[in-house]
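Engineer: Just lifted these from Swiss-Prot, have a look:
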type: BINDING; residues: Gly107, Ala108, Phe140, Asp225, Glu226, Val227, Gln228, Thr283; note: pyridoxal 5'-phosphate binding site
type: BINDING; residues: Arg143, Thr282; note: N(2)-acetyl-L-ornithine binding site
type: MOD_RES; residues: Lys254; note: N6-(pyridoxal phosphate)lysine
Amino acid sequence: MTDKLAVNRNTFDQVILPVYAPAQFIPVKGKGSRVWDQQGTEYIDFAGGIAVTALGHCHPALVSALHQQGETLWHTSNVFTNEPALRLAQKLIAATFADRVFFANSGAEANEAAFKLARHYAIERHSPYKTKIIAFHNAFHGRTLFTVSVGGQPKYSDGFGPKPADIIHVPFNDLAAVKAVMDDHTCAVVLEPIQGEGGITSATPEFLQGVRALCDQHNALLVFDEVQSGMGRSGKLFSYMHYGVTPDILTTAKALGGGFPISAMLTTEEIASVMTVGTHGTTYGGNPLACAVAEAALDVINTPEVLNGIEQRHGLFVQALQSINSKYDVFSDIRGMGLLIGAELTAKYRGQAREFLAAAAANGLMILNAGPDVLRLAPSLVIELEDIQQGMARLEKAMASVIKG
């Protein structure tokens with residue numbers, strides 16, 4: 001047995017590439033919506049690993065699936081297929097518009113596959129010049145050079161040399177702006193139905209319906225990035241289901257594995273038909289371990305018991321945020337859908353989101369930010385109502401400590 005080296009938060013600063021600024025405590029154990037650090041301090045988790053642990057920490061169904069598959073078969077590569085991947089694909093197809101699935105390991109990989117597919121389809125079916133991608137300011141689609149370029153945030157994409165060409169960014173929820181740049185050279189419009197990193201901003205129904213119509217008019221594909229908004233987060237299995245607008249390609253990750261790395265790209269038979277052996281691939285994508293856990297997660301999440309409880313929990317969070325705001329006048333807007341909630345700070349506290357995060361941690365609560373001005377809550381979809389009540393009391397105490405100095 002390998003001896004475990006003693007590590008602490010200082011170790012991070014010595015050995016990890018300095019691209020993160022993690023909290024000063026190290027979580028070591030989680031159960032449900034509770035987490036404990038190295039010192040045994042307990043936290044209530046409203047962060048969900050950035051909308052990943054949709055069933056909380058160490059959910060029994062996921063632990064059982066991982067344990068059972070871990071004793072059976074770990075990895076084969078895609079030289080062979082495997083039963084968990086085929087079962088998971090069947091269930092995703094049955095639950096959505098899709099006919100075909102591609103599995104990968106992260107949201108960025110799923111989006112990379114989606115963008116490549118969109119261009120390849122346009123070139124094969126229409127024209128070698130049909131390569132324009134229309135995307136949106138403040139979007140986030142991943143960290144590969146292609147996905148970070150499609151994401152509309154220069155702070156993430158600048159500084160790495162030439163970017164992939166023919167990507168246009170316009171304001172989100174602005175149909176006229178899309179129409180102004182849309183033409184027959186457009187291969188795809190790419191968007192998040194709920195912008196996550198961009199501040200928890202939901203698309204309007206009119207916007208999505210209008211974009212769908214423009215895509216149909218110009219033979220362009222509509223790509224929905226549901227990496228963060230999917231798998232029940234919005235109150236439906238995927239957020240497109242709220243709008244009556246069906247994409248041509250959809251990506252999902254984060255909560256798909258409930259904490260185990262896996263992602264998927266979903267599309268139709270017609271679009272998938274342009275791909276042949278070798279046009280895309282991955283070594284780990286669709287591995288038996290990940291797919292077994294994801295199948296268990298999907299089986300639990302895609303039930304009335306879970307999905308019907310999300311709106312009640314949403315209401316409790318919003319009510320508590322409104323109560324805090326009535327006392328401290330700290331939020332200019334409280335928004336979001338289901339259990340992806342954003343609270344935008346007023347001008348007085350603009351830029352202080354991370355200060356509020358630190359105060360929350362000091363009071364035994366894990367929350368997120370979505371940019372410098374928005375507090376983000378993305379808890380377990382099955383979080384206990386008592387945990388919501390206690391956690392929001394801790395948040396109020398944390399907010400007061402910052403506001404009162």
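From the backbone N, Cα and C atoms, a Cβ is placed for every residue, glycine too.
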Engineer: Highest Cβ count within 10 Å among the binding-site residues Ala108, Val227: which residue is it?
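Structural biologist: Result for the most crowded candidate: Val227.
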Engineer: Look at the binding-site residues Gln228, Thr282, Thr283 and tell me which residue has the greatest number of other C-beta atoms within 10 angstroms of its C-beta.
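Structural biologist: Top count of Cβ atoms within 10 Å goes to Gln228.
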Engineer: If you count other Cβ atoms within 10 Å of each one's Cβ, which of the binding-site residues Asp225, Glu226 has the most?
Structural biologist: Asp225
Engineer: What number of additional C-beta atoms lies within 10 angstroms of the C-beta atom of Gly107 (pyridoxal 5'-phosphate binding site)?
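Structural biologist: There are 26 such Cβ atoms around Gly107 (pyridoxal 5'-phosphate binding site).
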Engineer: Per 10 Å Cβ neighbour count, which of the recorded positions Arg143, Lys254 ranks highest?
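Structural biologist: Checking each of Arg143, Lys254, the winner is Lys254.
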Engineer: Rounded to a whole angstrom, what is the C-alpha distance between Asp225 (pyridoxal 5'-phosphate binding site) and Lys254 (N6-(pyridoxal phosphate)lysine)?
Structural biologist: 12
Engineer: In whole Å, how far does the CA atom of Thr282 (N(2)-acetyl-L-ornithine binding site) lie from that of Ala108 (pyridoxal 5'-phosphate binding site)?
Structural biologist: 13
